[in-house]
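**Q** Structure provided below as structure tokens; questions to follow.
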Amino acid sequence: MLENKNHKKISLSGKSLLMGTLSTAAIVLSASTANAATINADNVNENQTVEVTASSVNNENNKQVTEKDSADKSTSDVAEDANTKKSNENTETTEKNTQTVVTNAPVSDVKNTNTVTAETPVDKVVNNSDQKTTNAATTDTKKDDVKQVEKKDSVDKTNAEENKDSSVKPAENATKAELKGQVKDIVEESGVDTSKLTNDQINELNKINFSKEAKSGTQLTYNDFKKIAKTLIEQDARYAIPFFNASKIKNMPAAKTLDAQSGKVEDLEIWDSWPVQDAKTGYVSNWNGYQLVIGMMGVPNVNDNHIYLLYNKYGDNDFNHWKNAGPIFGLGTPVIQQWSGSATLNKDGSIQLYYTKVDTSDNNTNHQKLASATVYLNLEKDQDKISIAHVDNDHIVFEGDGYHYQTYDQWKETNKGADNIAMRDAHVIDDDNGNRYLVFEASTGTENYQGDDQIYQWLNYGGTNKDNLGDFFQILSNSDIKDRAKWSNAAIGIIKLNDDVKNPSVAKVYSPLISAPMVSDEIERPDVVKLGNKYYLFAATRLNRGSNDDAWMATNKAVGDNVAMIGYVSDNLTHGYVPLNESGVVLTASVPANWRTATYSYYAVPVEGRDDQLLITSYITNRGEVAGKGMHATWAPSFLLQINPDNTTTVLAKMTNQGDWIWDDSSENPDMMGVLEKDAPNSAALPGEWGKPVDWDLIGGYNLKPHQPVTPIPNVPTTPETPTTPDKPEVPTTPEVPTTPETPTPEAPKNPVKKTSQSKLPKAGDKNSFAAVVLGAVSSILGAVGLTGVSKRKRNN
């Protein structure tokens, strides 16, 4: 009995020892394998290759850009970074979700901007042009997505190898396409190995139209657009808008008045504005000792767009002295709105107004029409008061002819939500013979219409053949750029009016003065000024209305805004315009769009007695309180622009008070000048603005939500993007679902065979993992046997 009992003890001890050994081995091997999988996930994330979408072909360097290499990139690659972040989704995007690039750095941090976009050799552009941009994981890929990422990497690698093979060797059963005519020479001259072109690429190249005749006036080309963006990024002092002293900017006192829509006294904003001018010289008219200005005004954060008459003593530079005569078209007109235009005096002292009548009844699609009306005024001189007596002859002058200019019906037939409609901003000008014209913003008609075919118009590109080829493949390889290019057809149009001054109609319709097919869908607020024997045409534009995502995203990232004024010059009013400064750039943004000193809607006014200078007026673009609660859109300080005889321009360091429309000896006020220094007394930024991210949902629209409100406004979304130390932020700054495990693994687990959490399990198919599972299973069986034996012994004892 004793020997038998000892034998059982020895046998039991051996089983227990074997069980413990196997269990320990399984646990150690499982843990090390899981840890290896986790490390592997980190390595995949850190070394993930970032595919580059090229927009230029000037650089012959063939290196691939990886996430690791990006640390060595210069600021010239800034557009590439923006495009990689946003365009890689390769989906059709709207204005809301494409404007997502933010700036957290001062403008002065921009150092090297030799190019707007990352440049790639022609052969690399060609080989990648027909592929969708990658959706591969970047450094923020979650560890539990590693299997999917690796699977995709494997597929991408296989596809890349197949594409490489197919680009070199034609398919056995397919006929190799051939380049034809002029495009063949261009491709070969650009250094592309034609044997590596796919049939699809060759077919796309063969569609290119090399016609050299412009169909719709002078063209703003794709190359011009890139140059304008590059100039903005570089902050060239000849074109950068001067800095204003942010502490001196204030809301317009005269903007507190009866609102046209509500009929109540409201604190209104004011934006697009224009003086009553002599239609021939462009000088501000002197109406009975007063200067008159018409401006768009409305309640913040409301779709409220109407025009008001403002007045001040002629030559008075004091911003506080402006008064408001009220809305020109009266009260209670929410459906019919009035947008920008121009105005001149009639011989009887009445104002002939040209404006944009906007019908919003069709689902707020803003049906725009050029209109005219005669405005009669009352003057109570002893009370220093001007009022609107009555308005006559209010009628539609022009809303497109379908051929030169797109009509509303044409637009509505094809609009899918990505197409802008434009028939607005009529500017009046008389030629030397007394003929009257309107220059206006529009879209091209069937003469040179929007559509896919514009992508194949070589004339739209405007660079060297090599540059154009790279841009061509850039457009084809990016779905958002391609879609924008298809719809882009902005134009600056011109019509001649008949001799009925107070009730004008169209006498002749001309081809556009400027057009931007494939390049931009919005060039607005045209302004023509005659200086000496030349006509100078200016217009404002937002680059994010253009097709080249890489370019405008680069400006957003570098400066924080993408607005500009472009300019052209001609010996003739109705045709023959050439761009100023080679690309057309005249003014570029210099501060982020949500700073108190950001501006837009630039309007050039002649300086009396000078044929080489213009006074540039604009408004502070704080619509919807984007710069902070209570900071409204208001008139900006004006500044001088020098016009040089060689068709170049230079911004001068001459600045006025806010709302100065007449430059004279008393106009200059150096106190309004600012600097780009964070803590300077005359800084261009208010406290808290330096480094503040730009929320592009708030910029450039007509229904804007408040930005960082102190007190919530009823019925208006109040989600500040970067709250200033909130007690209870509406949007948590930490993720709702933490990236760390909710139940952390204990430092000293009591149960040595506790199941590993799912996020740390090894990958399926791993040999070590399989061995660990087998060992774990064996140990579990032996453990069960051992525990059973123990239980039996306890019961027997």
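Cβ atoms here come from the backbone N, Cα and C positions, even for glycine.
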**Q** Going by Swiss-Prot, Trp271, Ser340, Arg424, Asp425, Glu522, Ile523, Glu524 bind substrate; tell me which of Arg238, Arg542 is listed for that site too.
**A** Arg542
**Q** So Swiss-Prot lists Asp660, Ile662, Ser667 for Ca(2+) 1; which of Asn303, Asn305, Asn312, Asn317 goes with them?
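**A** Within the candidate list, Swiss-Prot flags Asn317.
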**Q** According to Swiss-Prot, Asp419, Gln450, Trp487, Asn489 bind Ca(2+) 2; which one of Asp382, Asp384, Asp521 is annotated to that same site?
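**A** Swiss-Prot lists Asp419, Gln450, Trp487, Asn489 binding Ca(2+) 2, and from Asp382, Asp384, Asp521 it also lists Asp521.
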**Q** Do you know which of 171-175, 481-485, 611-615, 761-765 Swiss-Prot annotates as motif 'LPXTG sorting signal'?
**A** 761-765
**Q** Cα-Cα, whole number of Å: Asp425 (substrate binding site) versus Asp521 (Ca(2+) 2 binding site)?
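**A** That comes out at 15 Å between the alpha carbons.
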**Q** For Ser340 (substrate binding site) and Asp521 (Ca(2+) 2 binding site), what Cα-Cα distance in Å is obtained after rounding to a whole number?
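**A** Ser340 (substrate binding site) to Asp521 (Ca(2+) 2 binding site), Cα-Cα distance: 18 Å.
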**Q** If you measure from the Cα of Arg542 (substrate binding site), which of the binding-site residues Asn489, Asp521, Ile662 is the nearest?
**A** Asp521
**Q** Quick one: which residues besides Asn317, Asp660, Ile662, Ser667 have a Cβ within 8 Å of the Ca(2+) 1 site's Cβ centroid, in sequence order?
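**A** Residues close to the Ca(2+) 1 site, other than Asn317, Asp660, Ile662, Ser667: Gly315, Asp316, Ser638, Thr656, Asn657, Trp661, Trp663, Asp664, Ser666.
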**Q** In angstrom units, rounded to an integer, how far apart are the Cα atoms of Ile523 (substrate binding site) and Gln450 (Ca(2+) 2 binding site)?
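**A** If we compare the Cα positions of Ile523 (substrate binding site) and Gln450 (Ca(2+) 2 binding site), the gap is 15 Å.
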**Q** For a quick check of packing: other C-beta atoms within 10 Å of the C-beta of Glu524 (substrate binding site), how many?
**A** 22
**Q** Give me the non-local Cβ neighbours of Asp521 (Ca(2+) 2 binding site): same chain, 6+ apart in sequence, Cβ-Cβ under 8 Å, ordered along the sequence.
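**A** Correct list: Asp419, Asn420, Ser443, Arg484, Trp487, Ser488, Asn489, Ala490, Arg545, Gly546, Ser547.
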**Q** I'd like to know which of the binding-site residues Gln450, Ser667 has the most other Cβ atoms within 10 Å of its Cβ.
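**A** Answer by Cβ density within 10 Å: Gln450.
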**Q** Compare the C-alpha of Ile662 (Ca(2+) 1 binding site) with the C-alpha of each of the binding-site residues Arg424, Gln450, Glu522, and give the closest one.
**A** Arg424
**Q** For Arg424 (substrate binding site), what residues in its own chain, 6 or more apart in sequence, show a Cβ-Cβ distance under 8 Å?
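**A** Listed in sequence order: Trp339, Ser340, Gly341, Thr356, Val358, Gln368, Leu370, Phe440, Glu441, Glu524.
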